[in-house]
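Trainee: Here it is: the structure, laid out below.
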Number of protein chains: 2
Amino acid sequence: MSATVIDGKKIAQEIRNEAKAEAAALVEAGVQPCLVVVLVGADPASKAYVGSKVKACEETGIKSIKIEMPATASEQDLMTEIDRLNSDASVHGILVQLPLPMQMDEDRVTERIDPAKDVDGFHPENVGKLSIGIDCLTPCTPSGIPELITRSGIAMSGKHAVVIGRSNIVGKPMMNILVQKGEKANCTVTCCHSGTQDLKQFTQQADILIAAIGVPEFVTADMVKPGATVIDVGINRVDDTSAARGYRLVGDVDYASVAPVAGAITPVPGGVGPMTVAMLMKNTTKAARMIHGLASR
Amino acid sequence: MSATVIDGKKIAQEIRNEAKAEAAALVEAGVQPCLVVVLVGADPASKAYVGSKVKACEETGIKSIKIEMPATASEQDLMTEIDRLNSDASVHGILVQLPLPMQMDEDRVTERIDPAKDVDGFHPENVGKLSIGIDCLTPCTPSGIPELITRSGIAMSGKHAVVIGRSNIVGKPMMNILVQKGEKANCTVTCCHSGTQDLKQFTQQADILIAAIGVPEFVTADMVKPGATVIDVGINRVDDTSAARGYRLVGDVDYASVAPVAGAITPVPGGVGPMTVAMLMKNTTKAARMIHGLASR
């Protein structure tokens, strides 16, 4: 017996196709959805992420604008740019690529973005609405996970979901998503983290196990209940002299040992990763619809 | 063996004394802390709650203003009042007593209050900051619970806390408080609710069990791990012909059966109840400090 491999590439493509149809409907209604991505500095990983977002926009029919600022820019320079984008009616989504240089405060920058254009879902107002259960823009990575699960034919309601990790980008919003009512949630939710004692006793009880720790191959077979759905949010580089690049990408789950135990599992790469950009496209069309009163807010 | 009874009245008084000292320090600094409580309609329970809040303000050295509006007031009437209070620099806390009449949307009303004056901690921006871990005004009832536990000499960090209930007033913020880092949190958190299957298997694992369901005496001894700390958030009226009022107040926990099993337990009344008003006093002095730049925001 081996786990069903959850095909993140295929499901991400489905979602991108839906976003493409939504973008076309917006254009039909006279609205060209537009995402602005702000990149401060020249971190190679950040440049690559921004590049893939811009490319996804092109394929989806979303106008994209890339704004590059030098690593030496001041926080005020960035704030001025955000203010300009907030008041530009032709812009529906604003994404400031993280991390930011040391001289900038990420919380302050995030709070400056108009919540209605906050396609990353990181503004406190959106974080709060997500918890309360008010429709809003929600963080891309955790929002993609119920899509991965349910579109693979796995029911979520009533299941016990265990989240490992309490980051503001994945763990905490994941917990707040899973606890809501609705078919793509309604889970009993446990959140484990660095303060958890005897982690294994919790993970072994998970029907749905979501690993977002940032430690390579941390989750091993003995931590997983047979038949569980295992979602691996990690993307870690580990040295590998046999690889042309000198490293390979692995998740937070020890795939080789866990796959034979799990009922379903996401690979790395090709699992959670492709969903993040797909959900960003969805968020951008949603922001455009909300701003133009074409959807409930 | 019987549980330690957590003395909510005593701990609430400690906190009110601290708030009183904070209020005096503010007055010393030239700031008279001021809470405005808005009551729409004449619901007897709401009137009683408002009355106890006003009385607590008097005892704490906080100026209180009670605004009463008729049950027939429109949402716009209330919004106009909130706008006026938002822009009144002498007002530091605004509390609109819930529930509101049918013609008013509680989400919209809550969002209208300036987050800096939102002493109930229900505004999405504060709910979001609580989840992110940014210092803010937090909901009174769940915020009082770590105080009850730690001031009774019970450590929280590393414990498994199980919350029953996912309301926006208690269950969800409780989960978001408990999962944060820090000595009054850092728990492994499980949130159970109406969608949970086999509830008992979860509650039996709780080192700290928090019942916020609204069902009289729901939690019975068989659901509790021996030695657990049991926090009862419920206040339910049950018919009792032997009582002068014709009813008695009971919690969500079957106290008689659970007390012999638990390590510590809050009674009803006299447990969580008195803490809510005490934390409201703390929130009001905190709001005044933040608004006047006397505390970090």
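Along the chain as shown, residues are numbered 1 onward.
The backbone N, Cα and C atoms fix where each Cβ goes, glycine too.
Here's the feature list from TrEMBL:
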| type | residues | note |
| --- | --- | --- |
| DOMAIN | A:6-120 | domain 'Tetrahydrofolate dehydrogenase/cyclohydrolase catalytic' |
| DOMAIN | A:139-289 | domain 'Tetrahydrofolate dehydrogenase/cyclohydrolase NAD(P)-binding' |
| BINDING | A:G165, A:R166, A:S167, A:I235 | NADP(+) binding site |
Trainee: For the binding-site residues A:G165, A:R166, A:S167, A:I235, return the ones with C-beta distance to chain B below 8 angstroms, or 'none'.
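Mentor: Sorted by position along the sequence, the hits are A:R166.
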Trainee: Count the Cβ atoms, other than its own, that fall within 10 Å of the Cβ of A:G165 (NADP(+) binding site), considering every protein chain shown.
Mentor: 24
Trainee: So how many of the residues in the domain 'Tetrahydrofolate dehydrogenase/cyclohydrolase catalytic' (A:6-120) end up helix, strand or coil by DSSP?
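Mentor: Counting residues by DSSP class gives 60 helix, 18 strand, 37 coil.
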Trainee: Taking the Cβ of A:S167 (NADP(+) binding site) as the reference point, list residues of the same chain whose Cβ is under 8 angstroms away and which are at least six residues distant in sequence.
Mentor: A:A212
Trainee: So what's the average pLDDT for the domain 'Tetrahydrofolate dehydrogenase/cyclohydrolase catalytic' (A:6-120)?
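Mentor: Across the domain 'Tetrahydrofolate dehydrogenase/cyclohydrolase catalytic' (A:6-120), the average pLDDT comes out at 97.
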Trainee: In the three-state scheme derived from DSSP, which category covers A:I235 (NADP(+) binding site)?
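Mentor: In three-state terms, A:I235 (NADP(+) binding site) counts as coil.
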Trainee: Mind giving me a neighbour count for A:I235 (NADP(+) binding site)? Other Cβ atoms within 10 Å of its Cβ, every protein chain shown.
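Mentor: Result for A:I235 (NADP(+) binding site): 16 neighbouring Cβ atoms inside 10 Å.
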Trainee: Please find, for A:G165, A:R166, A:S167, A:I235 as listed binding NADP(+), the greatest distance between any two Cα atoms, in Å.
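Mentor: So the maximum pairwise Cα distance among the NADP(+) binders is 16 Å.
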Trainee: For A:R166 (NADP(+) binding site), what is the tally of other C-beta atoms lying within 10 angstroms of its C-beta?
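Mentor: Step by step: centre on the Cβ of A:R166 (NADP(+) binding site), count other Cβ atoms within 10 Å, giving 25.
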